[in-house]
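Annotated features, as they stand in TrEMBL:
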{"type": "TRANSMEM", "residues": "B:12-40", "note": "transmembrane segment"}
{"type": "TRANSMEM", "residues": "B:52-71", "note": "transmembrane segment"}
{"type": "TRANSMEM", "residues": "B:77-97", "note": "transmembrane segment"}
{"type": "TRANSMEM", "residues": "B:109-127", "note": "transmembrane segment"}
{"type": "TRANSMEM", "residues": "B:158-179", "note": "transmembrane segment"}
{"type": "TRANSMEM", "residues": "B:212-233", "note": "transmembrane segment"}
{"type": "TRANSMEM", "residues": "B:239-263", "note": "transmembrane segment"}
{"type": "TRANSMEM", "residues": "B:275-296", "note": "transmembrane segment"}
């Protein structure tokens, strides 16, 4: 991307239009068109969109396929859930327990004192920071160990998948400390503000959208920076980048940590909006499903990932409501189709079929500012995904 | 954790848990053999491998039902028929999948992972719709039931012994096929240098298809053996897929010997720890250990040196 005249900021004009359309859909159209119940569903889907966003950077741009994003989603979610759970288990609320003041599941498991790693989560400030830093730190250790030793591609995918399995088994096994298979449930208030009411959920929806838009801007910034171009170069010819004097491993570690932090934010928003966190969002199956959201949206498209997440989840919800048996066929078929038939997802379809026809309508303005880049630029794919948004 | 047991008891515990570990080892080896061929030799990540195994298990179940209802006199021998049927059923499905899907994806290994995951979801749903969601178990023939007592405190089950014998036989057969037969030489040639193999007249596409079919067929046999020691449900395959991949990666993807060695290490570590810790912690520690060793030695235990 050369510094063409149409680019004032780090966003190209068509990116700005795309973000504006997305913001309009999420902030205006959906809240007006959907009832509270459905809007909460969209809010839940959008928490997965944080993960999909991270995967676009990590997988689409840097070529690192992580099958363990659920771990980071879970870490972020658990950090938030632990804070909320501690607030919900005040001494007055839990006076019927053997040990008042600790979460109910600990009491059921004959634990009489709060474990040391729960202590810091009494502080809201610490928990908020932990939501971002715990997943990022975990990713840092993992990335440092693997990328410095040049483990990549398939091996990285398998190892991260194994970690997702380990994490699930660990959470389920250590029931007294983590709530086991039920997870951390019955979250009530945030600083005394009841998060279970409809109005609170609506506010949280807008907070979630706001955070998501901020993360999208961050992703665009990373993509358009020099760092973003090195990531793409690394994906396409790793050795050449290494021989040019760049420390390939550090770039990979950075983008992996960034993706982990984004997933953590998503997890925290999930815990806030849905009111619980459980190992069923950590394991192998959710982690790989998050990859498919990205793949359906277009692994190279930042905005596409959001639409992909909404589309797949909307399809999942409506199929599982009416034809539960068909959904696995649909999801399985989607995996195969997105690999064999449209590898660039809906963003790719938009790019090759719809965008060329829209070009003349705007006097070819878009074309002048789009140099023939090596990677298809992120395109607003609102047209294709509109049915999803409108339900 | 050892303090509560006397020395003799500890000895028996290790032998018994070692034996349980050997059964787990057999299942790992049978599953990992097919995967080692497909992943190690062809570079394809077959996430649906567990589902091919379950296909073999269902074939075995239906063969046992058929023998029970129509030829009860031969019931003692049904397993051998079932094993052959399972091999061909899973192998045929594997070849069809290779032809429809995998052959377009050889240059994109990460995408084979996603596509075969999709396939595994579809197969699971097919099993659930066709065979029902409940787990099924086969009836063992009389000669396979019971156990042999070696000493007062050590007993071994006959079905476990049988599965182990079967594992050894299949491993030897696969090793002979890959390293002694003309066909195996062709497979290895294609793996090492596809273009040159094609240039000297090997039909690489056909080799790919049969190799994939063979890997899936062995998974089918693994499923057959699996029915001897556990029951089968539509999602049983997914329980083993991550362990199996770790076995193959840990052993060094292209080495059959490495696969066997790593299956042995992982299964023994897991079953010995299972006695002293809870099952879940044993699994966590085993997997974590494998992941840490892989971080230190990413290419696995055994590496084949190939000039590329």
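Here the Cβ of each residue, glycine as well, is placed from N, Cα and C on the backbone.
In TrEMBL, annotation is done automatically, which means it is predicted and not curated.
In this chain, the transmembrane segment (B:52-71) lies close to the transmembrane segment (B:109-127): three or more C-beta pairs between them fall below 8 angstroms, excluding pairs fewer than 6 positions apart. Counting Cβ pairs under 8 Å to the transmembrane segment (B:77-97), the top-ranked stretch among B:12-40, B:109-127, B:158-179, B:212-233, B:239-263 is B:212-233.
Distant neighbours of the transmembrane segment (B:212-233): 23, 26-27, 30-31, 33-35, 37-38, 42, 44, 46, 49-50, 52-61, 64, 79, 82-83, 86-95, 97-98, 102, 133-138, 140, 144, 159-160, 162-163, 166-167, 170, 174, 177; these residues of the same chain sit at least 6 beyond its ends, with a Cβ under 8 Å from one of its Cβ atoms.
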